[in-house]
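Below is one structure, written out as structure tokens; the observations come after it.
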Amino acid sequence: MYKSIFKTTGRLGKTVSSRNFVTTLPKPLATSSSPATNAPNKTSNPKTGELHVSTPVDTAKISIEPPEGSSISLKSASRDASLFGTRPIYLDVQATTPVDPRVLDKMLEFYTGLYGNPHSSTHAYGWETDKEVEKARTYIADVINADPKEIIFTSGATETNNMAIKGVPRFYKKTKKHIITTQTEHKCVLDSARHMQDEGFEVTYLPVSSEGLINLDDLKKAIRKDTVLVSIMAVNNEIGVIQPLKEIGKICRENKVFFHTDAAQAYGKIPIDVNEMNIDLLSISSHKIYGPKGIGACYVRRRPRVRLDPIITGGGQERGLRSGTLAPPLVAGFGEAARLMKQESSFDKRHIEKLSSKLKNGLLSIPSTQFNGCNDAKSQYPGCVNVSFAYIEGESLLMALKDIALSSGSACTSASLEPSYVLHALGADDALAHSSIRFGIGRFTTEAEVDYVIQAINERVDFLRKMSPLWEMVQEGIDLNTIEWSGH
């Protein structure tokens, strides 16, 4: 249960007063006149703690109560946030998650009282801050059954991935010059691998099945005597596929190859035991687990020891692997977010699975839709639902859904109009890849929001398809594959 009651609206778009949210949403506006609707705004009833959606924002109705134990009122800050305008429903948690109010409450004291440099060992200000940093390090390690000394703080998962994929091969470059990864990794992994190719390393990019999973036999065949590192992500950021980490770790350990996994989308969301799974390096991101942005971590195994060249050098902080003064507010927030992920795991799992099932079934009831991912529940993270809507471009649908915050792929590449390389790797053609939308469900998503999204998607897909000549031909029974387009 929430120990601190934090009622807030505005940018978070939620009122947290208990484990349950009561949400009232408007019906989607008819799309015959315009495919886009006014974005709904969330405001709260201070008496009931219920969350309501209305348009436009009425700041006079916003009621903010600071969390218990907080010495600062956040009322003004939230009112300022509401001035940014109406807030759409947020279903893009793979890109980032809202900061949990309890995490924010934990961070505030480091801006007002505990402001010492954790590396200052000559006075109490440094000692008390260092104590809190180590406490956070322990919380983060506990989630993956690691030793706190194996947690190295970084600026985020991108830096951590660079640190692992560049640092390990560089340290062992005299004897080992081969790296293995997959075609569906995050861009920062693929770009780091290509960078190592420029340095003279050979890289093998493993293919995946139509459901996004690697073939373990392909991995076994790809490993060579000079293979230094295997980097395979735990949960894909676009389609939510879970790779068989335990089996991969076993193969790597048997062949004396280091195993790195990008767990930015998996940490705290699926069970991970670095010892049982033989994981040597693991990337973590705070802002994917309802923590602050700008902080992450790299798990680096101590026994058997993993050696790597540091990317950032200087003062020798973080065991000499990542120099630079730590930011105690971010570290403390990260630690609290990790503690809550472990504490709330059973609730989050039930909540997300329930809403995911409802959303997936509702979307796939629309004609000519396709789920992108794995149909085996054991290999699919339910919080990520990627669906292709045939005969519609994903960008067009996103423009028609201004009242819902969604993505057509990775947030790091969403500005590009190129079709998803992840879906291409699954065998999807350009048209299908272009028509995909990623829906993300998280801790603060409500059932009422999912109901609203299903209805809105149904109406606007129908509206856009009525403007598509291809859809009209399909409705008339014409097989598009039989048409010789070059002759028209």
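Placement of Cβ uses the backbone N, Cα and C atoms for every residue, glycine included.
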## Note on the structure
pyridoxal 5'-phosphate binding in Swiss-Prot involves Ala157, Thr158, Gln265, Ser285, Ser286, His287, Thr325; of Asn237, Asn361, Asn372, the partner in that site is Asn237
### Task
Could you find out if DSSP has Thr158 (pyridoxal 5'-phosphate binding site) as helix, strand or coil?
helix
### Task
Could you say which of the binding-site residues Thr158, Asn237, Ser285, Ser286, Thr325 has its Cβ with the most other Cβ atoms inside 10 Å?
Ser286
### Query
If you draw a 10 Å sphere on the Cβ of Ala157 (pyridoxal 5'-phosphate binding site), how many other Cβ atoms land inside?
26
### Task
Look up Ser286 (pyridoxal 5'-phosphate binding site) in the DSSP assignment and reduce it to helix, strand or coil.
helix
### Query
What is the Cβ neighbour count of Lys288 (N6-(pyridoxal phosphate)lysine) at a 10 Å cut-off, with all protein chains included?
27
### Number of other Cβ atoms within 10 Å of the Cβ of His287 (pyridoxal 5'-phosphate binding site) across all protein chains
23
